[in-house]
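Undergrad: Could you have a look at this structure, given as structure tokens, before my questions?
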Amino acid sequence: MLSMELENKVSFKRCIREGDLVIVYERHDNMKAVKVCENGVLQNRFGVFKHSDWIGKPFGSKVFSNKGGFIYLLAPTAELWTLVLSHRTQILYVADISFVIMYLEIIPGCLVLESGTGSGSLTTSLARAVAPTGHVYTFDFHDQRASSAREDFEKTGLSSLVTVGVRDIQGEGFPDEFIGQADSVFLDLPQPWLAIPSAGKMLKEDGVLCSFSPCIEQVQRSCETLKSCFTDIRTFEILLRSYEVRGERLESWENHAGGSLGSRKRRQRSTDGSNGVEASVSATIVARPSSEGRGHTGYLTFARLRCVI
């Protein structure tokens, strides 16, 4: 991302310049996208941060406020953009996105068709995957959503890799100009089975289609339609389980004979050692499942266009 020059490999080694988009990292669950302006100011609970202090610093820098608080200035990667973008619709997150890009076999130079655009979360990652010589053509039936998506792709420097169109793919299908040209097609529609016949015409031989649906009834009907001209039909549900890693203070109990009686978290002040047992406190790193696990997002159905012999 950033102003991607097609002849060069994407790199975030350069320094921050005025007009750049920066992801301001306050903590793992609090980030925001900020456009750098010479006279701009960011104010939060950590203090006041002047944009002028950011200019010239490399991405990843730690900067301090007038109060001594600090933030990190991160490059707007596709992964971080997914976490901070405006939600005009429900979006796909990293677990689903990474799986989609792999199973659609998207590589640099591919031509990808997508419907609908929504908030552009997946589109951003698709664009990075096809860069520098490929292209993503994405369609949304809602004119205002399409317009907002174009603005976002301009902001993130992806406009040369993405073309946003306004079209009802369920009712009209994809434009005829793409017949036999697409390497991959992605559908995120309430009735994807209506667009599957058109998607089949757009794909090259051996091309791959993916349909994202939140309900299993949509999957069942889509699979019935796919059987007519697709093969290798598969459906997946991606469930992500994250772990929290933090430091804990553990209390280890030992008797005077040197035998260990086990360890536990320190919950209260040590008692008198008259019973012949002594306690020592040590710090350790503990990993445990996050209390806020992401559940079901949707079903991903993949199918390969059947070759005509």
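Using N, Cα and C of the backbone, Cβ positions are placed for all residues, glycine too.
The shown structure was predicted, so the numbers you read here are calculated from the model rather than taken from an experiment.
From TrEMBL, for reference:
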| type | residues | note |
| --- | --- | --- |
| BINDING | Ser119, Gly120, Ser121, Leu122, Asp140, Asp168, Asp188 | S-adenosyl-L-methionine binding site |
| REGION | 256-278 | region 'Disordered' |
Undergrad: Determine the minimum-neighbour residue: among Asp140, Asp168, Asp188, listed as binding-site residues, which Cβ has the fewest other Cβ atoms within 10 angstroms?
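TA: Result for the binding-site residues Asp140, Asp168, Asp188: minimum number of other Cβ atoms within 10 Å at Asp168.
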Undergrad: As a test of the contact definition, list every same-chain residue at least 6 positions from Leu122 (S-adenosyl-L-methionine binding site) whose Cβ is closer than 8 Å to its Cβ.
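TA: Result: Ile91, Leu92, Ile97, Val100, Glu114, Phe186, Asp188.
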Undergrad: Identify which of the binding-site residues Ser119, Ser121 has its Cβ surrounded by the largest number of other Cβ atoms within 10 Å, counting every protein chain shown.
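TA: Compared across Ser119, Ser121, the most Cβ atoms within 10 Å surround Ser121.
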Undergrad: Looking only at Ser119, Gly120, Ser121, Leu122, Asp140, Asp168, Asp188, the residues listed as binding S-adenosyl-L-methionine, what is the longest Cα to Cα distance in Å?
TA: 20
Undergrad: Using all protein chains in view, find how many other C-beta atoms are within 10 Å of the C-beta of Gly120 (S-adenosyl-L-methionine binding site).
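TA: So the Cβ neighbour count for Gly120 (S-adenosyl-L-methionine binding site) comes to 32.
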